[in-house]
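As given in TrEMBL:
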- 12-34: transmembrane segment (TRANSMEM)
- 90-108: transmembrane segment (TRANSMEM)
- 115-133: transmembrane segment (TRANSMEM)
- 145-162: transmembrane segment (TRANSMEM)
- 174-192: transmembrane segment (TRANSMEM)
- 204-229: transmembrane segment (TRANSMEM)
- 249-267: transmembrane segment (TRANSMEM)
- 273-293: transmembrane segment (TRANSMEM)
- 314-333: transmembrane segment (TRANSMEM)
- 345-366: transmembrane segment (TRANSMEM)
- 387-410: transmembrane segment (TRANSMEM)
Amino acid sequence: MLFWNRWQSAYRLFYMTLLVFFTVVTGAYLYGFFSGNSNWLSWELDIKAEPVETVAESLEIGPYKIDLPAKTYVATEHYRASDPQINPEYSMYFWLVLGVGASLLLTVSTGFNRFWFLVSMGVFALSVLGLRLELLEFLGKEDSKLAFGIIVSYFAVSYLFHSIWKAVSIPARFVVFASLTALWTFAIVKFSEGGNPVMILTGFGIWPATYLTLAFILFIGTEIFATLLKFLPDTSTSPSGKMNNLGHYLIFCVIYFLNLGMVFYQMTEGEDLGVYLLSPFLIFVIATVAGLFNFEARSEKYARMLPFSPLGAMLYLGFALVATATVAFAFYTGNDPMAEVFEDAIVYSQIGFGIAFLVYVLINYGTLLGRNKAVAKVMYKPVRMPILSMTLLGIGGTVLFFGKSSWLIVDQMNAGRANLVADLYLYEGKFETAKRNYEISAYHGFQNHHANYTLAHLAEKKSNISEALVHLELAVSKQPSPYAYARQAKLYQSQNRFFDALFCLRRGTSKFEGNGQLKNEIGMLYGGSQVLDSAMIWLGQAEKIGDTRLSGLRNRWALTALKDIPLDNDLNAKLDAIEDPMAKANVVAVSNIRPGAPLKASLAPAEGALDFGRTLYLNNISVNLGENDPVAFADFIQATLSDSVNAPYEAFLKYNEALADYRAGRVYDALDLLSKMTVEYPSMDERLVFAKGFIALKNKAYQQAGDFFREAHLLGYPQAETYSLLAMAEAGLLKNTAMLWENSVDSSVVRDDMLYVLKTDNVTDVFSASDQKKALWLRYRSADADPGLISRLENSIRTPVFRADLNLYYASKALANNETEEASRYLKEAEKYGAKANWTRAVKARIALAERKPTTTGLSLAPDEELWLKAQRAEANGERKEADSLFMALGSANPYFTEGMLAALEYAESGKDGLEKAYKMVVRAKYADAYSVRLNMAYIRLALKMGLDNSADRALLEMINYVSEENYKALEQRVEGWRSRLENGEAI
């Protein structure tokens, strides 16, 4: 069966090398066929991270809640059909194969007799002239000298091999022709000035390859029918009773003709029969491969012209390379009119030559087949009907089919060539010239996909949406693609034509049932119109398809987050089942937007660079840490952002880093980072300053919080003025803000409540007010009334939540004055009225820490409180080195945690170089919280000890702005006492 095994080793090796090359070309052909329009179009994924304002944390001031803002991001994915992609590489590979095929055919031509040698060189000369080489402007000239030079050079070499150097081997001749081809190719590429030379040759010079391909298609029209005869064995001596070879052969022919007939019907009527048929392009491959093995027997008729071994086999292979590459090129360029040329030729020739060959077999071998004889060996040795008659009959039948189609093939060829020329101009950016050629293609090849899709693209560039829609409708009318449907739907959406877009996508899915991109877009289209059940169904279908699995998953969770779709299972279980970071980010977003049970979201892996999905995931986790340790998370995000490979995401995650530092008790770091961000990102100023105010307020640095909120208000942050005035009220400065409350334009509810408190001086008038106003009056005016009346007013409050909140407020005030027993008493009262655990946690922890209790079992300490407790334990256990480290960390953690700061200062002062360390520590703390009396007094004391009397005096003088006159005098006296003791050599 493998005829080349009978050849000399040199020829066998050469032919097998060519076969390998042909196999590669055929593989590329099949890939291009099955890839369809994805060779010149592609899906572009638009990923949009939609920010949703949410709350990272909240705190309560009396009945009012203040939220720390954060953004959780929901990632959605849409598929967009790309613009036409003109790839010059396809032309380059095409001409590479043509060069090999042409070199092989020229090699074979040198073995012809004199007549056929001259004929073959004439065909070669016509092919070179058909390439329109003058358009290359070789050496700057647009003439035929290049074509003449090529023809003369090849003819000279061919003549030498044909008439003089006859002893040169076939492989050596091929090497010479291939080298000559390479030299001319290099010269053309190097010295052509007319544009991209390979694409010019492809566009204007496609005719020779097209004609050779059509001739080859006709030539292989009988190969499938002939091959079947090889599989019919000689069973003439077997028992009769079974169907004979003739019956088997006729059954196959009927089945095959039925396939061809249905393909012909689909081609001519444009109607999909809904059954799987053997594509003409697969028939081409089968027939071509079959011809490799049939040509030996067939070539016996051409032995005088050319022997089969090895030149005949190489002649067939050369034509096969050219034809296969030409058809494949139509696939890769999406040139559907040219592909239709070959499709029609394949079907028509298979029918025409198939009928002719069947008649030929029945006339010559019908009797033998009826006797179950094997006729393969005599297949091309007819006794009645000659092969020439069969060939003429086949050509006639094929021509008849072309005529019945009104010679549409001519228009298709013109359309295909116009597409290639237009692609050249589009690639060069000559859009108007490209458009004219695409219009020529659309004229000759009505409803051709390539031209109309690209014309739609050009119309879109000019914002001519109506024209683009017309062209896209033509593009999907005959040779539809999912890309055209998707692009058409996008245009309808841009005009708010929902139903047109939906109908277009649904038409696309009916044609391309396995296309996940179209299903994804239907799902998102339904999601945008609130038809959520349908949206989730279509996205679920997209999720089941390989290349859109992640998009379907991500978009389902995105809609769940954005559209408040009910959840049927535990969110933590859903999160654990998902590995994709972007999908996990959307699941976390659901939790952030719809607060509920905390998520057990684990940290993203530390290894490797961040990508968009992991960045969103980190952002969304930072909004609500769930069960993640805040210190570990802060360490992780800092380590991640410190890696230079993650620099592109640094800006996106800086706010999250500040948020992580704050929650980890590293308030200094959080404030520093927020301050730097106000310089780097001015557009975020109001949010960043507001965050600083929230952090200060949460740590009861009320006046400092008031300053931050006031600045945020000036920058335009909503409600910031109200929060500023509330902070001042918490600082005991309510009466100083009366005029500001009068002029406030913020929330009328808070304003009315606070104005009531300010204007109601008589406690007896408060008894008739609401419980909320009673609680507020007691919170801010209780010092102005008789204790007996105050007690009665407290007892008149019937709402437990207000009683609980009021007692917690009293407990906090007591703690500020180091009255731990009083704070404990108020705490019990608060618990009696049902104070929530998260309300009482801070008070309980601070009481325990203030009393220096050795254990805080059962308490949930904040990170800075935990640090203070560890430092105390290390000091008590005599672990000096550990204590040094912990107290220094405490001193640089939270300036608003006054007790911790003072403990750190006391410890630092007692050590080596302690006075200088303590002074540096307190300076930084004073800068962060300028209104803390206790920190300022610690600064003054240390400044006096270091002999910085002017600094001490200036700090004392600044305090007159935010303490009462009575308290200021007491502070003055205390400072004077320190001076006296220092003068007397006493310690302070």
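Using the three backbone atoms N, Cα and C, a Cβ is placed for every residue, glycine included.
Here the structure is a predicted model, which means the values were calculated and not measured.
Here the transmembrane segment (115-133) has long-range neighbours at 102, 105-106, 109, 144, 146-147, 150-151, 154-155, 158, 162, 188, 200-201, 204-205, 207-208, 212, 305-306, meaning same-chain residues at least 6 beyond its ends whose C-beta is under 8 angstroms from one of its own. With a cut-off of 8 Å between Cβ atoms, the residues of this chain six or more beyond the transmembrane segment (145-162) that come close are 106, 109-112, 117, 121, 124-125, 128-129, 131, 133-134, 136, 138, 168, 173, 176-177, 180, 184, 188. Long-range contacts of the transmembrane segment (345-366) within its own chain (CB-CB distance under 8 A, at least 6 residues past either end) are made by residues 214, 217-218, 220-222, 224-226, 229, 246, 249, 253, 256-257, 260-261, 263-264, 267, 280-281, 283-284, 287, 373, 375, 378-379, 382-385, 387, 389-391, 393-402, 409. Per-stretch counts of Cβ pairs under 8 Å to the transmembrane segment (273-293) identify 204-229 as the leading one among 90-108, 204-229, 314-333, 387-410.
Between the transmembrane segment (90-108) and the transmembrane segment (387-410) there are fewer than 3 Cβ pairs closer than 8 Å, counting only pairs 6 or more residues apart in sequence, which means the two stretches are not in contact. With respect to Cβ pairs under 8 Å, the transmembrane segment (204-229) is most closely packed against 314-333, considering the stretches 12-34, 314-333, 387-410.
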